[in-house]
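Below: the structure, in structure tokens.
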Amino acid sequence: MSVYGLQRLYIGGGYVDATSGKTFDTFDPATGELLAQVQQASAADVDRAVASAREGQREWAAMTAMQRSRILRRAVDLLRERNDELAAIETRDTGKPIGETLAVDIVTGADVIEYYAGLATAIEGLQVPLRAESFVYTRREPLGVCAGIGAWNYPIQIACWKTAPALAAGNAMVFKPSEVTPLTALKLAEIYTEAGVPAGVFNVVQGDGSVGALLTGHPDIAKVSFTGGVETGKKVMSLAGASSLKEVTMELGGKSPLIVFEDADLDRAADIAVTANFFSSGQVCTNGTRVFVHRSVKDAFTQRVLERVKRIRVGKPTDAATNFGPLVSAAQLDKVLGFIDSGKAEGAKLLAGGTRLTDGHFASGQYVAPTVFGDCRDDMKIVREEIFGPVMSILDFESEDEVIARANDTHYGLAAGVVTENLSRAHRTIHRLEAGICWINTWGESPAEMPVGGYKQSGVGRENGITTLEHYTRIKSVQVELGRYNPVF
């Protein structure tokens, strides 16, 4: 018997059975307990979801922007009222500590919906005078039906981030959560319906990558917003372009540099580094996993990091005292342990962790100890490839030019940060780093107002911020002639 029972698809404002006849299981990564059986969508189910979305989108787009704004604000209120309930589900599904999901996941998702609800009425065109008797005006119109494909690390937050600008602009969305963490997207669908979003405007289809491919290649989808790995992102872009030249937004992987200069407050720098590597058990795309420290302060910095790692409270995610939980799945655990083994084999110095935790209740979960490597080199696998787990690599440097060149020597470009008391150096360095999200003397916050996304192979487009709203609309240009028409023939 599973905790949450059979989970169905959400199409047309309510739950429906999938036609595939297939289900998949989702488990609690802390205990191995079966959480739910989830119905897998078929191609016919995806077609049904898209058709429902097309119908609902016409009704939604016909509303005034103020009407849409009010409905989205009601959804925000419902999310906040149910914060504790949703956080409990998210903790069971992801393995995140309850203190984290209560404070972050639903809260930040609701914040983004509230932000775009406020911007819905500000979607405006332009008026351009040509001459005394002629002018051009532009309209920003919704794209139509969009697809959202979520990642497993922030299930409900990502669903909110993708739906908020899409719905605010008058679009509908068919959303596929990760099959690893599929539960809370369905709760968001219930909330949107209760808030007054018309049937079909937000549909949820479940399944593996084959379902994502059906959405990406669907001729009636106008845009795909994807969060996930680089290789999958390339496939999404290829299929989206080949099928119908869809608009694409992608937030992909990272191997982000955190640079600690010799004048940094080392206590602050250590706090930042530990957060940038071990928050959410290291399963954050923006993690600052390449920690470059000036050689003159490396030992003092490393000592401070190790002191803080000892204070990390690994435990049951449902325990309020826990601030570090398991990895999301057995597959992710195996991947992370493989990277740790490669670090040892390539000569990195293991300073902390480096093992799976199996004592007591840890034995049934996917736990790995917070891990710190020193004496790392740029050519090591743990330094070059995204791990997506709690593994910090400490590297030293001598000069500003050197560290910038090394920090940029990667095909990723998602995030970067510097810690220094010299503001001129901070801005100078940040301006030279090839990354889309940057922090100075802090790490990790991504407020609704801040556009987030990557350079290079870390993504295309942005999520959050005003600029994202524009990419959920298309521009129609209209010339108006008030004077005499001069015939050509």
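Glycine residues also receive a Cβ, built from the backbone N, Cα and C atoms like all the rest.
The NAD(+) site in Swiss-Prot is built from Gly150, Ala151, Trp152, Lys176, Pro177, Ser178, Glu179, Gly229, Val230, Glu231, Thr232, Gly253, Glu386 plus one of Cys285, Cys438, namely Cys285. Record check, Swiss-Prot: K(+) 1 site residues include Asp93, Val180, and the candidate from Thr26, Thr31, Thr138, Thr227 also listed there is Thr26. Put plainly, the binding-site residues Thr26, Thr232 were compared by Cβ crowding within 10 Å, and the winner is Thr26. One residue stands out among the active-site residues Glu251, Glu463 for having the most other Cβ atoms within 10 Å of its Cβ: Glu251.
In sequence order, Ile158, Ala159, Lys162, Phe175, Lys176, Pro177, Ser178, Ala185, Thr227 constitute the residues six or more apart from Gly150 (NAD(+) binding site) in its chain with CB-CB distances below 8 Å.
Proximity note: of the listed recorded positions (Thr26, Asp93, Glu247, Glu251, Glu463), Glu251 have a CA within 10 Å of the CA of Cys285 (NAD(+) binding site), given in sequence order. Those residues of the chain, other than Thr26, Asp93, Val180, with a C-beta within 8 angstroms of the mean position of the K(+) 1 site C-beta atoms are Phe27, Leu35, Thr94, Trp152, Pro155, Ser178, Glu179, Thr181, Pro182, Leu183, Val328, Ser329. Within 10 Å of Glu463 (active site, charge relay system), judged by CA to CA distance, lie the following recorded positions from the set Thr26, Asp93, Trp152, Glu251: Glu251.
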